[in-house]
Ligand code: GDP
């Protein structure tokens, strides 16, 4: 029900992206390193239509490094050029330049054979909402970036950011839609905060998050809140409520507030570097 507006919106976004993709040499797709599968939209595979593909695992600072390494390998085997980045502090962002050169090696070679030298590579950022597209563009383009104006007949009014003499970036990212159909994907996107809060119950979400954390990172929650572990997730939440002073008048635990605390602490990486899915 809540996504009734979606099909029309999707068709329009898809068509716009199809047009943009015609103008570029390489697609730089951003995913969230904590959920490199759930935050990736498979429709881009058909839209990409043979273009070079770079996969950037953003928010690398929030994910489990060992798991991210596995994802890097997984996507490399699928033919992507992969890099891990933290767009917020800029770590790994510069190196993306080299990845672009590598991904476009054949194109550069083709140009050279035709006598075209130094034609900039044109790139475009795509990804679902909230993966960090704008943050990455700002970090990648830096302060020294110059927006190249409209070039009639060539760019059709598109704004390009000239990154250096080799690379131009389309200044508006392509927004892909998440794949809500899969329950687990929806849940993972809710965990990382990519789905509107109104669409789920925070208390239930926090219990499911605790389920996952206790199974995969058994001590992370207890260590962070300095509480005893418990077999009961509800009891764990009560302990968090005590620690965080989430108490209603009448000395009752405010479990919704504690749940929000837990989910926020997770989303901001305070509980630890945690990945929510592994390849395969
Ligand atoms: P967009 O919707 O894809 O354009 O996403 P934004 O660029 O608006 O980023 C969404 C949120 O993620 C913002 O609060 C950013 O500060 C944050 N963010 C972006 N990149 C990173 C990153 O690499 N690490 C962390 N920790 N946060 C990031």
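Heads up, the Cβ atoms here are built off N, Cα and C, so glycines get one too.
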TrEMBL annotation, GTP site containing 58, 59, 60, 61, 86, 87, 130, 131, 132, 133, 134, 135 - matching residue among 115, 174, 186: 174
Cβ packing number for residue 132 (GTP binding site), 10 Å threshold: 23
Residue 134 (GTP binding site) in three-state DSSP notation: helix
Rounded mean pLDDT for the residues that make up the domain 'CP-type G' (10-178): 88
